[in-house]
Amino acid sequence: MLQYPDAKAVVRALEPDEPVTLLRPHAASRAARFFTQKFPGKAMYAVKANPSPDLIRILWDAGVTHYDVASIAEVRMVRDTLPEATLCFMHPVKTKRAVREAYFEHGVKTYSLDTLDELAKIVEATTDESGKAASDLNLLVRLRVSSEHSELSLAAKFGVDLVDAAPLLQATRQHCDALGICFHVGSQAMTPFAYVQALERVRAAIVEAAVTVDIIDVGGGFPSIYPDLDPPALEDYFQLIHQHFEALPISYSAELWAEPGRALCAEYSSIIVKVEKRRGDELYINDGAYGALFDAAHVAWRFPVAALEDDLRNPLAEFSFYGPTCDDADFMKGPFMLPEDIQAGDYIEIGMLGAYGAAMKTSFNGFGASEAVQVADEPMHSLYRGDRPDPRSSDNVVSLR
Ligand SMILES: *Cc1c(COP(=O)(O)O)cnc(C)c1O
C-alpha cells in the first residue's frame with residue numbers, strides 16, 4: 001500500500017477524482033494497547049464497527065485476542081484472518097445453521113441470547129450426531145438496558161426485560177459451562193454512569209434469579225471524540241465499571257468482559273473528498289450517505305473536517321454536504337466548519353471515520369470506489385495521545401440533535 005506523510009501529500013501526489021481512504025495503523029494499534037493494558041478485564045473487538053482484515057490483524061498484533069462477531073460471514077472472515085482468535089457470537093438472533101457451523105467448524109463456544117427460543121436453538125445446534133449435548137458453552141443472556149446516555153440507541157431491539165430475566169437465566173444455567181450476562185448501553189455513551197446504571201440492573205437480575213454468574217460483559221458503547229462530543233477520560237469508565245463489577249453478587253472467579261467497537265477503530269481512518277460544486281453554503285462532494293458518510297446523513301453525525309488547500313482564508317463558515325448519488329437523501333446537514341471561500345475543485349479531509357464509515361459503504365448509483373493509502377500523521381482527534389485537556393473541567397455538551 002502507498003504511504004504518505006499526510007492528507008495534503010496525498011492530494012499533491014494523486015489529485016484524486018474519487019474519494020481516498022487514509023489509514024492510520026499506528027492509531028488503531030495505540031487504541032488496542034490502551035484497552036488491553038487498562039481495561040480491567042477482557043476487551044474483545046466488535047467486528048461490525050469495521051470488518052477490515054487489515055485492521056483485525058493490527059488489533060491482534062496489539063494484543064486483542066477475542067472478537068465479537070454477529071453473523072456467520074463475520075465468523076468465517078475472522079477465522080480465516082486469525083486462526084487462533086477466540087470468537088464470540090454475540091448477536092441474540094442467529095440461525096441454527098449459523099450456530100452449527102460456528103460451533104463445529106470454527107470452534108465458537110460463546111453465544112448470546114435473549115429468549116428461551118434462542119436458547120433451545122443454540123442447544124439443538126450444538127448437540128452432536130450421537131445426541132450428546134455440548135458441555136463447553138459460554139452462554140450470555142442479553143439484558144435490555146437504557147440508552148439514555150448514548151448518542152445511538154441499542155435499547156429497542158434486543159435484550160430481555162428485567163422482569164423476564166430470572167426464568168431465562170435459570171434455564172440457561174442448565175445448558176452452559178459458564179453463564180454470563182451482557183448488555184449494550186448504546187453507542188457513543190457520553191458518561192460512565194450509563195454502565196453503572198446497567199450494572200445495577202444486572203445486580204437486580206442476579207438477585208432475582210439466584211443463579212451463579214461467571215461472566216459480566218458490559219458490551220460496547222465506549223466513546224470516541226467528535227465535534228461537540230468530547231467524553232470523559234476512558235480511565236473513568238474503566239474505574240467505575242470495575243468498582244461496580246466487584247460489588248456484584250457473582251462467583252469470586254467471575255470474569256469481566258467488554259466489546260468495544262467504535263473506541264478501537266474510530267481513529268483508524270479518514271477520507272479525502274473533492275468538492276465538485278458549490279451552491280451557497282452547500283458543498284457537493286464525492287462521498288456521502290451511501291458511502292463512508294452514512295452516519296453523517298442518517299443520524300446527522302458531525303465528523304471533523306479540514307480543508308486541504310493552502311490558499312484558502314479563514315474565517316470558517318458553516319457548510320452542509322450533498323453526496324454524489326442522484327438522491328435528495330444523500331445529504332449531510334452538519335454543520336461542517338470550513339474556510340468560507342472553499343470552492344469546486346478543492347479537497348477536504350473528513351476525520352474519525354474508522355468506525356461505522358468504511359463498514360457502511362455501498363456501490364449505489366455506481367459510486368463507492370475508493371483507493372486506500374497509509375498516512376503517518378495523527379488522526380484529527382485522539383482519546384489516546386495523552387494530551388487532551390481534562391474534559392471534566394469544560395462544559396460537556398452531550399447532545400447532537
Ligand atoms: C455494535 C455492537 C458493539 C459495539 O458497539 P460500539 O458502540 O461500537 O462500541 C458491541 N456489542 C454488540 C453486541 C454490538 O451490537
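Each residue, glycine too, has its Cβ placed from N, Cα and C.
What TrEMBL records for 32-266 is domain 'Orn/DAP/Arg decarboxylase 2 N-terminal'. Averaged across the domain 'Orn/DAP/Arg decarboxylase 2 N-terminal' (32-266), pLDDT in this predicted model comes to 97.
Marked as N6-(pyridoxal phosphate)lysine by TrEMBL: Lys48. In the three-state DSSP scheme, Lys48 (N6-(pyridoxal phosphate)lysine) falls into the helix class. Long-range Cβ proximity for Lys48 (N6-(pyridoxal phosphate)lysine), meaning a same-chain Cβ under 8 A and a gap of 6 or more residues, is found for Ala70, Glu74, Gly261, Ala359.
Mapped onto DSSP helix, strand and coil, the domain 'Orn/DAP/Arg decarboxylase 2 C-terminal' (273-350) counts 5 helix, 34 strand, 39 coil. Residues annotated as domain 'Orn/DAP/Arg decarboxylase 2 C-terminal' in TrEMBL: 273-350.
The feature active site, proton donor is assigned by TrEMBL to Cys326. Spatially close to Cys326 (active site, proton donor) yet at least six residues away along the chain are Asn365, judged by Cβ distances under 8 angstroms.
Positions annotated as region 'Disordered' by TrEMBL: 382-401.
Residues or ranges marked as compositional bias 'Basic and acidic residues' by TrEMBL: 382-393.
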